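**Student:** Please read through the structure below; I'll follow up with questions.
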C-alpha cells in the first residue's frame, strides 16, 4: 500500500513539479509519509537530493526547496506502512551514495525474504539505517560494488522474493522494475520528451501524459538520454500474481491496471453481487462512502432498485484531525459518516461495501442506520470474505483480527447486526476482473500464496 | 459563507470537544480560518478564553490548550471571508472584555450597514481592531454600557441591517440570534443536559444531538443554567428571506434547514431539470463532483437515463496544496477532477452541476470530457442563472464576473463549449425547495434584494 | 524595563533595518516580546504595518516581511513586562486605525493612573484589547477625535501620571515624547538625513548615528519631512526624576543618559564603595557577572586590591533554555555562573554586585564560592539597599519580597551567609551619578515617590 | 571544535538532564548542531534512542521527548563543523543498530585518515549516510562483526590516525576514548553513583560532579554496572600532542585541562606578553571581548597599566540574528562590539587579543577605536602567529586566509592599522601552559604536525 512515481525528461525540462503532482494523485495509496529524490546538476556535477517528511504530500515535502530546484530525473513515494514502523527514517525514497555513485529507491510492495537478507548482510558488516525492507535492495547493490550499478541492481532483484514495483534513480538514469509475479501495478507513460512511471494510470492523467503500457512482470526498464531499454529478470514461474484487491478496493476508479478499468471492474462486481445475492424486497440501494459507491451503483442498475447517496462522508476527514479521546472513540465512524435519516425512515436498505476487514465500521454504520429509522439493513459485499493476511504489500491485519477468518458468514451477519449478509465468490470476482484466473493473486481471499504463506528463507 | 456553533451544558460537563467536532462538521462552510471562545472557570472567577488561527479547524486551533481546558459554555466559527480581508485579526469569534463583562461573537452573514455604523462609532472614539463587519456589534454593545449586556446586544441587533446568524457568549450565557429576515440558517439541538446551536443540523448529528427546531427569524435565544428563554427582535416586515443558495449549493446534503432536507431539495431540483430540460438522446448522466452529484441522480431517475460516476475527484485536494505555477494553472481543474475516458468514449453525456458562477470550471471540464472521447456534452444546471451579487453572506463575485450576467444562455453555451445548456426557472427552484415562495431569498438569481441591492445607510 | 527606538528618514531611505538593529542593541531592556511598526507607502497611499512576537528580537519579528518592506518612518519596542501580563496581545508597538488615521505607540515606563483612565473610558464605550497601560494613550486620543491627532496626543499626555518615554507614529510622522519628570531615558540621534530616537545612546552607535541630545523631560519632538519641531507638555513641578537605577543596573555601560556615562558612573560607584566600605585584609576583588564587573574594577582600583574575573558566566544562558525541573531549581545559579575554584582557594574574597533585590542569587553564589574553598567572602553593593517597589517602570517585586525591606543589613548579611556586607549611601550614589541631587529619582532606595507611592487617581 | 559529554548511573537514576546540562555548559565548543543518544529500557528490552537538530542545544533537542524519557546511560554532542558539511545528517551522536547491537558515538577531533578508510570500506559494500569522518568508526566496527563490540571498537580505534575524544554507548555501556596523542581534552568526573565524561571540566561543575582525572592519551575507559575498567590502545610514540589552542582560545576559562587551569594559563600569557612586548607609554589596557579579557588583565597587572573594560559586547549576539545585508556587512563588528568613546578619547590604548586568524575583526575594531578618539592603538596578541592550518579538529582556515601566513608582522601591523603589533613566542606560550614542551601540539603556530601535515594514508 504505497505509491511510486518517476519522471525523466530528455530535453532537460524540470520534472519536479510533475513528480509532485503525480504523488498528489497517488495520495490514496499512502498518507503516512511522502518523499522525493532527484538529480540536481550543478557546476560540481550531479548531486542526488532528497526531501521527505511525515504526512500528506503537501506537508511532507519542502515546497520551497522543490520550487528553487531543477532536475530532469526524479522519483517520489507516498507511504502507508507495510514493513517497518512509522518513523521518518522509514520514509522513502531511500537514498545512498556508495562507491559506484548515487542511488535512490521508491518501493511499493513487500519483500518476503528481507529479514533473511538483512541478517546475512549485517553479519558481513552492513549498517542499516531503517527498519524498512526496501533498504536491503540498496545494501545488496553495495555488496556487489565490483559490478556496474545497473548490473548490481538486477543482481539484487534476482535475490528478492515477494512484491516490488520500483522507481529507481541510478546516477541520472531512471529505472522502473516490477517483480516477476507482477503483484503490484506499475505503468509507463509519456508526454512529449518526458517518460513517466507510476503505480496507477490516474497519476499520468494529472500530468497530461498518456498511458503507454503496463511494465511487465519481471521487467526492468532503463530510461535515460538514449531512450528506453527493457531488460528481463529471469522468472521461475509463468504464473502471475496481479493483486485482486487493487481492483476491489485500493486503486483509484479512474485508473487502468494491467489493461483493466478499475471503475468497470467495480461496477461489474456490483452487478455480479446483484445476480448472486439479490434483495428484491428492498426499497433502495446505497453504498458505503466512498469505497462501496460504484459497486452499489452496479448493484442498483442490475437489480432495478433505486440508488440513493444516503450516507454522507465529511470530506474534510483526515487521519490526524483530533486526539482520540474516549468521547471521540465512542462517536466512532459518526465523525466521518452521517446517514440521512429522512430517506431511510421505515425503509428496507441494501448497503454495498467493497469488503469487510475487522467488521467494526460496518457494525457501527448499521447501528447508525437503524437509529435513523431504517426497517431492515441488508449488507452486500462486492468481494469474497477476506480470511488471510497479505504478505505482498497490502496492510491487512493478522488472521485473528480478520472478521471473516474468525466466524462464518451467518455468525458475522449476527455480529455486525445486519438482517442479511452476502458476498460474491472468488470465481465471480475473477470473472469481473476479466484477467486469466491463474494470473491474479487472490491470497487474502483464498490463502493461495506464492510460497505457501510463510516467510521466505534466504537464497542468495 | 461561514459556520457557527455553540454549546451550553447545564450539568457542568465540558463542551469544548463538542464545539470542536461541530466545527469539524461545518468545515465546508469556511476553510480560511477557525476559532473557538469559551468561559473558563477558575479560582479567580470566570475568564473568557480564545484560540484562533488561519486554515482548517485542526490546524487553526490549539488542541493542546483545548484538551487541557474545561468549559460548559463555548462557541466556535469557521470562516470563509465575506466582509473584511483574509487576516488573522478578522478570524472569529471576536472577543472583548468591556465594562459590563466578557463578550464573544461568532457570526455567519453580512451586515449591510456596517460601514455606516463604523463611521458613526469611530467619530465617537471607537477603535476598531479588525476590518470585519462583526466587530460593529461589539462596539454597539460597548457604546450602550449603561444597559445590561443582554439588553445592549438586543439594542445593537436592532441597529443592524442584513444577514446575521450569531452564536454569542455573554458572561457565561450562550445566546443564539438570527436576523429578522432569516437569511442564514441557525438550528437548536439538544443532547441530555446540553443545548446546542449550529449553522446546520449535520453538526448536531456529529455530537449525537437531536434537532429541536430552527431558530426563528428575528429570534434571540438565551441559554443559561435556568434553561432557555426566547426573545424577539421587532421586525419591520413579515417577509422572510431564507437563502435559496444554501439548498442549491452551500449546505451539506445531510442537513435540514428551516424544516427542509437539503438532499431531498437537490434531488427534486434534478428531477425538475429533467422535466423542463430533457435530453432524451443522451447515453448517460453524470454529476460534477461533488456539488452536482445528487441533482444528477435526480435527473437520471426522472429521465430514465443511466447514471455514471464518470468524473472522479481527488479526495486529497486542498486549498493550499501547491504554489500556483504556470504549469499548475494550465492543468487547472485536472488537478482535482479526472474523467474516466473509457466510459465516455463516443457517448452523448449529460453533466449536471448545481450552478455556474464564473464558468471557468465547467468550461475546462467540458474540454477534458471531449478529450476523453465524448461525442456530445450537454450541460444541465440545477438552479436558475446566477446574475446578481449576494450582499447577505455568500461570497459571489461582482456582476462583471458572473458569466450569466455578461451573456445570455446561448452565448454562454458557446463560451463553455457545450452542445446544449439549460437551467431551471426561479419558480421551479422554489417549488423544489418547498417553502412559501415569498419567504425565500432569490436575490442572486432574480435581483430581488431586501433593500434594492444597495448599501444600507446608518439608521441608529 | 522596556526599550524603544524610532527612525525617520527625510530622503526616503528605508529605516527598517536601522530599527531592527536598534532593538537588537536594546535587547537588554526586555526579552519578553518585541515588535516593530512602520508606514508602508504603496499605490493606495500609506498603510501602517506591524510585526510582533514573543521572545528575542530575531525570533519575534518576521524578518522575511521586514526585508521585503520599505519605510522611511518606523518604530520598535522590546518589552519586559511591567504593567499587563505576559501575552502577545500586550506586545508593543500597539497600533490602531481610528477616525483620524493610523497611530502606533512604543512605550517605556509605567502610567500610574492608567487604571482610573481605563475605567473612565470603558464606561464611555471603549473596548480594550490588551491589559497594557499603554493602550489608554490610544483611547484617550480616539476619545478626542474632534482634534487633529497630534493635538489629541498632547491632550492625552497631559492626562497621564507616571513614567513614559514614547516613540510614536502618527500618519507618517515620528513623535518622541518624555514625561515631565523625565523618569526613563530617551535620546535623539542623527545620521545624514535620518533622525533617530532611542532609549539609550548605545542603540545610536550600532546604526552609526551620533547622539544629538537627550529629549527633555516634558518635551514632545515631532519629526517629519519638514524637520523637527519641539513642543512642551506643561509641567506641574520643576523637580525631575531621572531614574538612578538605570545607572546602577539597567542601562548598558556604553550608553550616555542625561549627559552622564553609565560606565563612568559605575566605576565611581565602585570607588565610593571602596572608600566607605574598605576590606583591607582581602586577597582579591571580583564582580558578580555581568552586573557587578565595572564597579568591582572601580573598587579594586581605589583599594589597590587585585582584581580577578573569578566567576565565569555561561554566555549561552537564555531565559527559556530548560524546563525548571526540581533538579534545575536545585542547581540554581550554577547553571549560569561558575566560580573558578583554584583562584579562590584559601583566599579572602570581596565580591561586588550592583544591588540586592531578593537576595537569592547572592546567597547561592556565596555558597558556591565557599564550596570552592574561599576562606572569607565579603559582599560589597554598589548602591543603597533597595527597600521600596518602583511604580515607574522598573519591574521590582513588592516590599515583602525585597530582602532589604524585610531585614536590616546585619540580618541580611547573616541570611546570605557573607562574612561582611556593606552598601553605599543614597548621597554617595547621587555624587557618583553627578546630576543635581533633586533631579534624580531614588524612590526604590528612599521611598521618595512623585506622589507618595500610591496609585494616582483619575484627573481628566 | 566540538563538545562531548556522557553519563552513566549505577543506581538507575536518569542522567538525561545531566547530559542536557553538560551540553549546555559545552555550548561554546559548537553551535551548529546538537544531539543526544541514550539507552531506553522498556518491556521489550533496551532500545537506543536519539534526538538531534541544527542550532543551539535548547533548540536542537526535543525537550518534550527528553523529559518523558528515562535512561541511566546517555551521551551528547555539540558540533562545530570540522570534517563534513553543515547538514543535519552530520549532526552527532551518530547511531546504528548492527548485528552486535546498538552503538552511538559522539566525537571531538578530526580523523586524518578517514578518507582512505572510507574508500576501503565502500569498496567492500559499506553505505555511508553522512559525510562525517566519525561514521568511519561505526563502519570499522560493523566490518568486524565477528568480534564482540568492545573489541571491535578498540580494533577500529587502532586503525585511526588523528584526533579523537569519544563518548560512546555500546549496548548499555558508556565508553570514553582518547586518541594516543591526546590532542583534544577529555575528563572523567563523578557525583555519587554517577560517572561522567566531558570535553572540559566546566561541564562537570554544572552537574555538581567533581573532576576525578583526565582520560589519558590512548586510554579507553569502559563504564557499566560493574564500575570502570581502563584499557589502553597501543601507542606508536611516547610524544603527546595536547592542543595549545584549547588554552589560548577554545576552552572555557573555568576549565582544567590535563591538570592546568585555563584561566591561569591565559593570565600568564598576558603577563609574558607584558614582559616581552611592553608598552610603557600607554594610558590603559583593554581586552578584546571576550577572548582577550583575561590575558589583558594579566598584561595590565604585570605592566602596572590601568585596565578598563573599554569595549562592550552585546550579550545577545547570536549567529543567526540577521540576514547579512549590505548594510549589516558594512556595520561589521559594530553589531556585536561597541567601544566606550569617552574613556578612550585622546588616550594611548593597548588592546590584548588571544590570536589573529584572518585579521578582519581586529582591523575593524582598531578603526572603531580610532573613530572614538583614541590617539594610539597598540595590539598585543597573547599567542604566537597562527600560520598553519589545523588537521586535528580546530576549524582554522587554509594558509592563504591566515593573515600571519600571508605577511610578516610589520606588514600585518600596517594592514590592520595598528600603531604597533606584538606576539609572544612559541616557547613563551609553552612556558605559560606549563606542560612538558614536547607534549603540546603547536602545529598551527609552528607547523610541527604529527605526520608532516599531510592526509594520512590508510593502513589497516
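Any Cβ shown, glycine's included, is placed from N, Cα and C.
TrEMBL annotations: computationally assigned, not manually curated.
Reproduced below are the annotations present in TrEMBL:
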DOMAIN    D:2-226  domain 'Glutamine amidotransferase type-2'
ACT_SITE  D:2  active site, nucleophile
BINDING   D:243, D:390, D:441, D:444  [4Fe-4S] cluster binding site
BINDING   D:291, D:353, D:354  Mg(2+) binding site
**Student:** Other than D:243, D:390, D:441, D:444 themselves, what residues in this chain have Cβ atoms within 8 Å of the centroid of the [4Fe-4S] cluster site's Cβ atoms?
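**Tutor:** Going along the sequence, the neighbours come out as D:183, D:241, D:244, D:245, D:392, D:394, D:442, D:443.
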**Student:** Please identify which of D:353, D:354 has the densest Cβ environment, defined as other Cβ atoms within 10 Å, among these binding-site residues.
**Tutor:** D:354
**Student:** Would you mind checking how many other C-beta atoms are within 10 angstroms of the C-beta on residue D:291 (Mg(2+) binding site)?
**Tutor:** 20
**Student:** What is the separation, in Å, between the Cα atoms of residue D:353 (Mg(2+) binding site) and the residue listed as 'active site, nucleophile'?
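**Tutor:** Pair distance, Cα basis, whole Å: 22 Å.
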**Student:** Including all protein chains displayed, how many Cβ atoms other than that of residue D:444 ([4Fe-4S] cluster binding site) lie within 10 Å of its Cβ?
**Tutor:** 27
**Student:** Taking each of the recorded positions D:2, D:390 in turn and counting other Cβ atoms within 10 Å of its Cβ, which one has the fewest?
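**Tutor:** Counting other Cβ atoms within 10 Å of each of the recorded positions D:2, D:390 gives the minimum at D:390.
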**Student:** Would you mind listing, in sequence order, the residues at least six apart from residue D:441 ([4Fe-4S] cluster binding site) in the same chain with a Cβ closer than 8 Å to its Cβ?
**Tutor:** D:181, D:183, D:241, D:242, D:243, D:244, D:392, D:448, D:450
**Student:** Please list, in sequence order, every residue of the chain apart from D:291, D:353, D:354 whose Cβ lies within 8 Å of the Cβ centroid of the Mg(2+) site.
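**Tutor:** Here the non-site neighbours turn out to be D:248, D:249, D:287, D:288, D:292, D:295, D:352, D:355, D:381, D:382.
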**Student:** For residue D:444 ([4Fe-4S] cluster binding site), which of the three DSSP-derived states applies: helix, strand, or coil?
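**Tutor:** DSSP assigns residue D:444 ([4Fe-4S] cluster binding site) to helix.
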**Student:** CB neighbours of residue D:243 ([4Fe-4S] cluster binding site) within 10 A?
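**Tutor:** I get 27 for this one.
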**Student:** How would DSSP class residue D:243 ([4Fe-4S] cluster binding site) in three states?
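**Tutor:** The three-state answer is strand.
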**Student:** Reported as an integer number of Å, what is the Cα distance between residue D:444 ([4Fe-4S] cluster binding site) and residue D:354 (Mg(2+) binding site)?
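**Tutor:** Rounded to a whole number, the Cα-Cα distance is 14 Å.
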**Student:** Could you tell me the C-alpha distance between residue D:2 (active site, nucleophile) and residue D:390 ([4Fe-4S] cluster binding site) in angstrom, no decimals?
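**Tutor:** Spelling it out, the Cα of residue D:2 (active site, nucleophile) and the Cα of residue D:390 ([4Fe-4S] cluster binding site) are 14 Å apart.
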**Student:** Express the distance between the Cα positions of residue D:291 (Mg(2+) binding site) and residue D:390 ([4Fe-4S] cluster binding site) as a whole number of Å.
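**Tutor:** Distance between the two Cα atoms comes out at 19 Å.
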**Student:** How many whole Å apart are the CA atoms of residue D:354 (Mg(2+) binding site) and residue D:390 ([4Fe-4S] cluster binding site)?
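**Tutor:** The separation of the Cα atoms works out to 17 Å.
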**Student:** Pop the mean pLDDT for the domain 'Glutamine amidotransferase type-2' (D:2-226) in here, whole number is fine.
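**Tutor:** Averaged over the domain 'Glutamine amidotransferase type-2' (D:2-226), the predicted model reaches a pLDDT of 93.
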